[in-house]
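Input: a single structure, listed below in structure tokens.
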Amino acid sequence: MKNYFNSLNFRQKLINLQKCKLIDNQFLSEKNNVLKGKNIVIVGCGSQGLNQGLNMRDSGLNISYALRDDSIFNKNQSWINATSNGFFVGTYENIIPTADLVINLTPDKQHEQVVNVLQKFMKPNSVLGFSHGFNIVEVGQLIRNDITVIMVAPKCPGTEVREEYKRGFGVPALIAVHSENDPHDIGFEIAKSWAISIGSHHAGILHSSFIAEVKSDLMGEQTILCGMLQASSLVCYNQLIFQGVNPSYAGKLIQTGWEVITESVKHGGITLMLDRLSNTAKIRAYFLSKKLKKIFFPLFRKHMDDIISGEFSKNMMFDWKNNDQQLKEWRTEIQNTDFEKCNIYYKQIPEQEYFDNGLLMVAILKAGIELSFEIMIETGIKEESAYYESLHELPLIANTIARKRLYEMNLVISDTAEYGSYLFSHAAIPLLKKFMNELQPGDLGNKISTSELDNITLYKVNAKIESHPIEIIGKKLRLYMTSMVPIKTK
């Protein structure tokens, strides 16, 4: 097998990277007739598998689960997840041959082996679904010619797919049909129906390609979505302790602060996030953000370059063969940090205090969102896709940190995302530590003192914030998010 993306010529690569179009609401119907009455079998019952299945069942679809023989015999966590929620569970041999749509939601590292087995049992002219295109794009696995291959990629961890659905909303999703496997020209309608069934029509469904999804997804999760949040949590916490802040308060300010601050981003972009600051704080955050962008630009671009070239995938797959040795080392290292082990702060922190005492956190978010977006765009990825991967998914990741800190985030994201996040944060932490030497009173841990304002400076800062391309595309895309529900902070 070989990297599918690297086998294409330059023109084909560009066409695939640039494929991303928001589907108008008038073409999305909750009736979902295409998959009604069909046998849908989900392979794997982890975070994505369970939560997508719950949403699909609640949308009136017939869902069952295929698990390995040993998973059923040993009654492992996947078996518990499925059976405790009332789903029928069977072996590959027993239920895959009955399926009209087989959705493979096992971890990326298992895809090659799992898909080889699935193809032996799938009936002629059936459909194979993925929620991440890594195996197709980076591994280059070939699928039987009669099988239609589709993808629905929710832009968040599986837990948030369910939570947003229960709120009556949903999470954005990219849908795609593998151009090498659509023999009956039915892939698009089936993928669209699947996306509707998990609630994504409430937030936005984008018609994309396997390649655009993989390259943008890897970039987003490695940098701003997971890697930057991880590195910033650890460094900001240590900085607060250095400043003499109560450790448990510092822990809560960081742990819950990301969720509170990014909730404003979800509803009104970077503009609203900075509007939550005083004018003095906004100007300070703006200029801190400019410095951070300059510092982090080479690292963000390196990650994008390694994703495009396949270098990242090659190195990660080598670690797979090495029994995840590097992944496990990084995982243990993060779990043993002071931030992860600090005591819980039980007092309520007022919402505005997170903004007032987290000015640096606001600056970090602004810098990371804009950098991730800008570098995706210069690589050929469309603005719509770059927006979801650098901004909209951010509060959904922050929600996981708010629950059980970085442990929860790393638990619910994929192993691929976790590996990439550790890779980025390992390089980002020294840069952030050095940047802490530039902090002034009011940047982190306490409120900045109000100072005399220059009207012209404030006007120019506001104009710069509002005119950034991610703010322009964000206003357009948020018009489709008609049922967005605010999250209440505890």
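Quick reminder: no glycine exception, Cβ is built from N, Cα and C everywhere.
What Swiss-Prot lists as domain 'KARI N-terminal Rossmann' is 15-208, and the listing cites sequence analysis.
Here Swiss-Prot flags Cys45, Gly46, Ser47, Gln48, Arg68, Ser78, Asp108, Lys109, Gln110, Gly158 as NADP(+) binding site. Around the Cβ of Gln110 (NADP(+) binding site), the same chain contributes Gly44, each under 8 angstroms and 6 or more positions distant in sequence. DSSP assigns Gln110 (NADP(+) binding site) to a helix.
Per Swiss-Prot, active site is recorded for His132, and the stated evidence type is sequence analysis. DSSP gives His132 (active site) a coil state; it is part of no helix or strand.
Helix, strand and coil content of the domain 'KARI C-terminal knotted 1' (209-344), in residues and according to DSSP, is 119 helix, 0 strand, 17 coil. Summarising the annotation, Swiss-Prot assigns domain 'KARI C-terminal knotted 1' to 209-344 and lists sequence analysis as the type of evidence.
Counting every protein chain shown, the Cβ of Asp217 (Mg(2+) 2 binding site) has 26 other Cβ atoms within 10 Å. Here Swiss-Prot flags Asp217, Glu389, Glu393 as Mg(2+) 2 binding site.
Residues or ranges marked as Mg(2+) 1 binding site in Swiss-Prot: Asp217, Glu221.
As annotated by Swiss-Prot, domain 'KARI C-terminal knotted 2' applies to 345-484, with the evidence given as sequence analysis.
Around Ser414 (substrate binding site), a 10 Å sphere centred on its CB holds 21 further CB atoms from the protein chains shown. Under the heading substrate binding site, Swiss-Prot lists Ser414.
For the domain 'KARI C-terminal knotted 1' (209-344), the mean pLDDT of the prediction comes to 98. Cα of Glu389 (Mg(2+) 2 binding site) to Cα of Ser47 (NADP(+) binding site): a span of 19 Å. Residues of the domain 'KARI C-terminal knotted 2' (345-484) grouped by DSSP class, helix first, strand second and coil last, total 103 helix, 0 strand, 37 coil. Listed in sequence order, the binding-site residues from Cys45, Ser47, Arg68, Asp108, Glu221, Ser414 having a Cα within 10 Å of the Cα of Glu393 (Mg(2+) 2 binding site) are Glu221. In the three-state DSSP classification, Cys45 (NADP(+) binding site) falls within coil.
When the alpha carbons of His132 (active site) and Ser47 (NADP(+) binding site) are compared, the span between them is 14 angstrom. Cβ proximity to the Mg(2+) 2 site centre (mean Cβ of Asp217, Glu389, Glu393, cutoff 8 Å) flags the following additional same-chain residues: Lys155, Ser216, Met219, Gly220, Glu221, Leu225, Tyr388, Ser390. Taking Ser414 (substrate binding site) as the reference point, the binding-site residues whose C-alpha atoms are within 10 Å of its C-alpha, out of Cys45, Ser47, Arg68, Asp108, Asp217, are Ser47, Asp108.
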